[in-house]
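Structure, as structure tokens:
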Amino acid sequence: MLEKVVIANRGEIALRILRACKELGIKTVAVHSTADRDLKHVLLADETICIGPAPSAKSYLNIPAIIAAAEVTGADAIHPGYGFLSENADFAEQVERSGFTFIGPTADVIRLMGDKVSAIKAMKKAGVPCVPGSDGPVSNDIAKNKEIAKRIGYPIIIKASGGGGGRGMRVVRSEDALEESIAMTKAEAKAAFNNDMVYMEKYLENPRHVEIQVLADTHGNAVYLAERDCSMQRRHQKVVEEAPAPGITEEVRRDIGSRCANACVEIGYRGAGTFEFLYENGEFYFIEMNTRIQVEHPVTEMITGVDLVKEQLRIAAGLPISFKQEDIKVKGHAMECRINAEDPKTFLPSPGKVNHLHSPGGLGVRWDSHVYGGYTVPPHYDSMIAKLITYGDTREVAIRRMQNALSETIIDGIKTNIPLHELILEDENFQKGGTNIHYLEKKLGMNE
């Protein structure tokens with residue numbers, strides 16, 4: 001087993017990693033910025049090292065400082081958590097080159113899955129369903145383009161190869177508009193990105209966001225741990241997550257889950273990972289793979305009984321996964337609300353001192369947070385201050401428990417988005433289950 005781990009992160013995930021290390025008897029090193037001296041995990045770690053000033057670029061993204069911290073403390077591994085350097089292939093490479101274990105996949109796999117084109121190619125090869133498309137840029141041959149569009153099926157979306165941020169995209173609903181739309185998107189792409197290459201993809205009108213949790217070890221084993229539904233989003237940021245996803249049968253779960261597990265073996269994956277899909281009309285379409293632990297991992301832990309962070313540590317130590325696929329049984333239902341220090345109406349961050357905190361409790365209630373009474377939420381980082389997770393035998397029980405838990409929570413001194421969560425949980429369509437990724441923004445009157 002690993003002997004000493006550097007926790008290269010902050011906030012609730014750093015505390016989550018510390019708890020798993022302690023349970024496994026692993027010593028911990030907390031690296032922190034000058035703004036984070038009073039973080040809960042910093043107060044609890046075996047050793048602490050300040051790695052720089054408050055801005056992330058000078059601390060949590062400071063690769064030489066993090067590796068130096070591992071060297072001076074005699075650590076044998078570094079856990080990147082999520083965000084920051086967790087999906088930075090250069091960091092993973094430098095960690096391993098410096099003689100430490102990176103708790104995550106290899107740098108090559110992070111690179112492969114971090115590039116959209118190579119990731120989709122690898123997934124198609126491994127039998128994971130992807131969004132049907134033109135398999136590369138379209139030509140000027142309109143007859144051929146019409147043929148491709150017909151094969152994909154309308155509506156389609158034309159995207160600029162060099163595009164991003166919502167620019168250089170056009171939805172086409174019929175063949176009549178195809179030629180003109182391609183020409184217009186090409187012209188836009190040339191003007192905006194100096195690259196007029198465009199490609200076609202099937203346009204999904206009202207998809208849900210469904211993702212599959214996987215674990216893979218260095219002994220050729222890979223397992224899937226059911227799915228999560230993260231469709232309740234605002235500005236592409238997940239707000240509420242749940243597991244399992246409403247309406248997904250065991251048969252469907254087994255099919256898509258085993259494809260993801262097989263893909264892990266194909267690409268030589270190791271550690272915890274998540275395959276993200278758009279799900280519409282009973283079909284899954286791969287969008288990307290997250291090569292790290294995710295914010296919403298607790299809902300999977302609640303329904304499977306697996307400690308995902310402990311498995312990450314075991315795998316990094318060279319041990320096989322501690323269970324087999326057939327041992328995994330989905331039981332009950334779990335929900336997670338991301339509690340942010342922000343104004344519930346304007347969504348602007350609300351840093352400051354937490355004068356008083358009362359966290360909820362009771363059967364099936366889990367509170368993952370680094371915040372305590374007297375703690376000051378700094379303005380430099382992500383606004384998430386807690387994750388409230390509830391579990392019940394049924395989805396209805398999990399929702400009711402979440403409503404109770406939210407009403408019990410007292411966070412005095414700063415504003416939080418708890419009113420937004422209360423609004424979502426009492427929404428009739430959310431209670432039925434299966435709302436799509438646009439639902440919350442439409443409800444908030446945000447659809448642009």
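A Cβ is built for glycine as well, from the same backbone N, Cα and C atoms used for every other residue.
Here is what Swiss-Prot says about this protein:
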ACT_SITE  ARG292  active site
BINDING   LYS116, LYS159, GLY165, GLY166, GLU201, LYS202, TYR203, LEU204, HIS209, HIS236, GLU276, GLU288  ATP binding site
BINDING   LYS238, ARG292, VAL295, ARG338  hydrogencarbonate binding site
BINDING   GLU276, GLU288  Mn(2+) 1 binding site
BINDING   GLU276, GLU288  Mg(2+) 1 binding site
BINDING   GLU288, ASN290  Mg(2+) 2 binding site
BINDING   GLU288, ASN290  Mn(2+) 2 binding site
BINDING   ARG338  biotin binding site
DOMAIN    1-445  domain 'Biotin carboxylation'
DOMAIN    120-317  domain 'ATP-grasp'
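Features as recorded by Swiss-Prot, highlighted on the structure.
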{"residue": "LYS116", "record": "ATP binding site", "Cβ within 10 Å": "10"}
{"residue": "GLU201", "record": "ATP binding site", "Cβ within 10 Å": "17"}
{"residue": "TYR203", "record": "ATP binding site", "Cβ within 10 Å": "20"}
{"residue": "HIS209", "record": "ATP binding site", "Cβ within 10 Å": "21"}
{"residue": "LYS238", "record": "hydrogencarbonate binding site", "Cβ within 10 Å": "19"}
{"residue": "GLU276", "record": "ATP binding site", "Cβ within 10 Å": "17"}
{"residue": "GLU288", "record": "Mn(2+) 1 binding site", "Cβ within 10 Å": "16"}
{"residue": "ARG292", "record": "active site", "Cβ within 10 Å": "25"}
{"residue": "VAL295", "record": "hydrogencarbonate binding site", "Cβ within 10 Å": "20"}
{"residue": "ARG338", "record": "hydrogencarbonate binding site", "Cβ within 10 Å": "23"}
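Classification of LYS116 (ATP binding site) by DSSP places it within a helix. Ranked by Cα separation from LYS238 (hydrogencarbonate binding site), the recorded positions GLU201, TYR203, GLU276, ARG292 are led by GLU276. Note on ASN290 (Mg(2+) 2 binding site): other Cβ atoms within 10 Å of its Cβ, all shown chains, come to 19.
It is 8 Å from the Cα atom of GLU276 (ATP binding site) to that of ASN290 (Mg(2+) 2 binding site). Candidate binding-site residues: GLU288, ASN290, VAL295, ARG338. Nearest to HIS209 (ATP binding site) by Cα distance: GLU288. When the binding-site residues LYS116, GLU201, TYR203, ARG338 are ranked by how far their Cα is from the Cα of ASN290 (Mg(2+) 2 binding site), LYS116 comes first. Between the CA atoms of ARG292 (active site) and ARG338 (hydrogencarbonate binding site) there is a gap of 18 Å, rounded to the nearest whole number. VAL295 (hydrogencarbonate binding site) has GLU288 as its nearest neighbour among the binding-site residues GLU201, TYR203, GLU288, going by CA to CA distance.
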